[in-house]
Amino acid sequence: MAAQGLSPGDPSSFARPDEAEVSSVSLYLDVDFERKVLCGKVDLTVDKKKAEVTHVLLDSKDLNIIKVTGHGSGQVLEFSVGENISTLGSKLEIKLPSTTEMRLMLSILYETDVNSSALQWLPPEQTAGCKHPYLFSQCQAVHCRAMFPCQDTPSVKVTYTAEITAPPELTVLMSARRVGIPTIMPGGLKLHKFEQPVPIPVYLVSIVVGHLESLKIGPRSHVWSEKQYVEKAAYEFAETEQMLLAAESICGEYVWGVYDLLVLPPSFPFGGMENPCLTFVTPTVLAGDRSLADVVAHEISHSWTGNLVTNRNFEHFWLNEGFTVFVERKILAKLYGEKARHFSAIGGLKDLKDAISALGENSPLTCLVPDLRGISPEDAFSTVPYEKGHTLLFHLEELAGGPEVFDPFLKAYITKFKYKSIDTDDFKKFLYEYFPNNSLLKEVDWKEWLFKPGMPPVIPKYDTSLQEVCTGLCIKWMEWDAVAGGPCPFKPDDINNMSSGQVREFLAQLLEENPLSVTKLQTMENTYKLNSMGNSEIYFRWLRLGIKGRWKEQVDRALEFVVAQGRMKFVRPLYR
Ligand code: BES
Ligand code: ZN
């Protein structure tokens, strides 16, 4: 028996798709800003896997389930909601009507809770325009169950449609194609229709409602945001189509039709989220110089790795994120050269070291494939699946014989597993099927790579040429004797001649050294003006450097920064 009635195939879900599996979802919801709830109904198509199955098991969390009926027949169906298990919510067990049909339709009348963990309801004051309320969802990893009853396991894929009513002055978007033009309903609300014909895990269902505008940035792309950000966003993400084309040449055809970007209010907790057709991004990537567009390259990559080839459960999250970082850096290589790819990988490796030393090098959560029984995927979240996963793939690429042979493998892997949900063994098996005669690959110590905590067993030798100027400047600052006096050897051009990625790397290297004195930090500010940096990644590291050096003035700036935006990557380390 799985613990607490959880699925044997997914430690984070109550669903039993091996008995009865949901294959499509239709949402009919009203967005009620007064009560801060979504209310209405969801229709589910359920496929029984065996004739004798009597119940379907769903995930739910803080939902008010009003009534369940057999769709079509209208027959009222019995249901029970199990005990609430903290972050995972409750099992929802529905008795199926007795019929010989293997495919059934259910209708569930329900509403969400004001405190739904999937939804952020922002009052007008928390938006840029300060006039209209705003709603956005974030379902990954296990919050979709707090938006509608579903099989909230990535082993299940569904198509979905939605009909959403909302106040007429607001725009509604979802991770789907828009169907028709929104129409005004008799009561004055506006009705918006959507359709996602590609099967997806439900963690990719998403919704945003706000006073939004859009600008076209490419043949299949618009940026959406409040008016205040939209021009800046259009400029920042102007390279989107180039990235999509590069990604298609690496991964194969883009199947989702449109690729739009939504810039959220600053409380959005992530850098980006790969909601299909509509990537969500934090406004902290609006640096003004396109320097943080690697977040877009990352989310674009998920259109294949993650959204087409999906981890079967979140223990195999590295198949989503490690592969996506790998593809993201392949895009960098295509657009800016192989050296840029290596430079980014060096930065990633440093983040991995930091994450592992913060978690503890023996922490089970530093395993590439962790055991998530009894652990919520949210608590397990770290850079490990991203960067340890990338390191493994880079290592395999080298063993296989380099990009010339590994690039075609990557494409074949995506072709083989698209529209499916897989685990690490599926990947491994395919790797050896594809490279049957490669003796180097046979020597990979999988046990160590997958199940041993700590740093990866092999660290690739990355090309350091773009990193050298950062290291040079870092050493110069460390060695400079600020107290002995003499002319200051630093000048603004030290960093003006670097790429912003290099400035970020320079600060990251300083962060690994002993704290800088306040005098040095002040000199650095006078020379480089880092306090007025628009690039949030640079500013974040600069603030940490100040705090580490116990420079009191920076504490106020850091506090200002952590309340001005809610991106967890920045907020958590600064509070710590
Ligand atoms: N899918 C993730 C975000 C996520 C992961 C949300 C797990 C909830 C649970 C997204 O693709 C991502 O990785 N975002 C990164 C940015 C990226 C450039 C590494 C982030 O938010 O920092
Ligand atoms: Zn990602």
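Glycine residues also receive a Cβ, built from the backbone N, Cα and C atoms like all the rest.
Please treat TrEMBL annotations as automatic predictions, because they have not gone through curation.
Here TrEMBL flags Glu299 as active site, proton acceptor. Non-local contacts of Glu299 (active site, proton acceptor) by the CB criterion (under 8 A, 6+ apart in sequence, same chain) comprise Gly272, Met273, Glu274, Thr279, Val281.
Under the DSSP three-state reduction, Tyr386 (active site, proton donor) is assigned to helix. Annotation source TrEMBL lists active site, proton donor at Tyr386.
A simple way to gauge crowding: the CB of Phe270 (peptide binding site) has 18 other CB atoms within 10 angstroms, across all the protein chains here. Sequence annotations record features per position, and here TrEMBL assigns peptide binding site to Gln138, Cys139, Gln140, Pro269, Phe270, Gly271, Gly272, Met273, Glu274, Arg567, Met568, Lys569.
Long-range Cβ contacts of Glu321 (Zn(2+) binding site) within its own chain (separation 6+, distance under 8 Å): Gly306, Pro385, Tyr386, Gly389. Under DSSP, Glu321 (Zn(2+) binding site) is assigned to a helix (H, G or I) in the three-state scheme. Marked as Zn(2+) binding site by TrEMBL: His298, His302, Glu321.
Per-residue pLDDT, averaged across the domain 'Peptidase M1 leukotriene A4 hydrolase/aminopeptidase C-terminal' (465-576), gives 94. Annotation comment: TrEMBL describes 465-576 as domain 'Peptidase M1 leukotriene A4 hydrolase/aminopeptidase C-terminal'.
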Tally of DSSP helical, extended and coil residues in the domain 'Peptidase M1 leukotriene A4 hydrolase/aminopeptidase C-terminal' (465-576): 76 helix, 0 strand, 36 coil
Spatial separation of His302 (Zn(2+) binding site) from Gln140 (peptide binding site) - C-alpha basis, Å: 13
Fewest-neighbour residue among binding-site residues, criterion Cβ within 10 Å, set Gln138, Gln140: Gln138
Residue among recorded positions Gly272, Glu274, His298, Tyr386, Met568 with least C-beta crowding, 10 angstrom cut-off: Met568
Any further residue of that chain within 8 Å (Cβ to the Cβ centroid of His298, His302, Glu321) of the recorded Zn(2+) site: Gly272, Glu274, Glu299, Ser301, Thr305, Gly306, Asn320, Phe323, Thr324, Val325, Val327, Glu328, Tyr386
Entries of Gln140, Glu321, Tyr386, Met568 (recorded positions) sitting next to ligand 2, with Cβ under 6 Å as the cut-off: Glu321
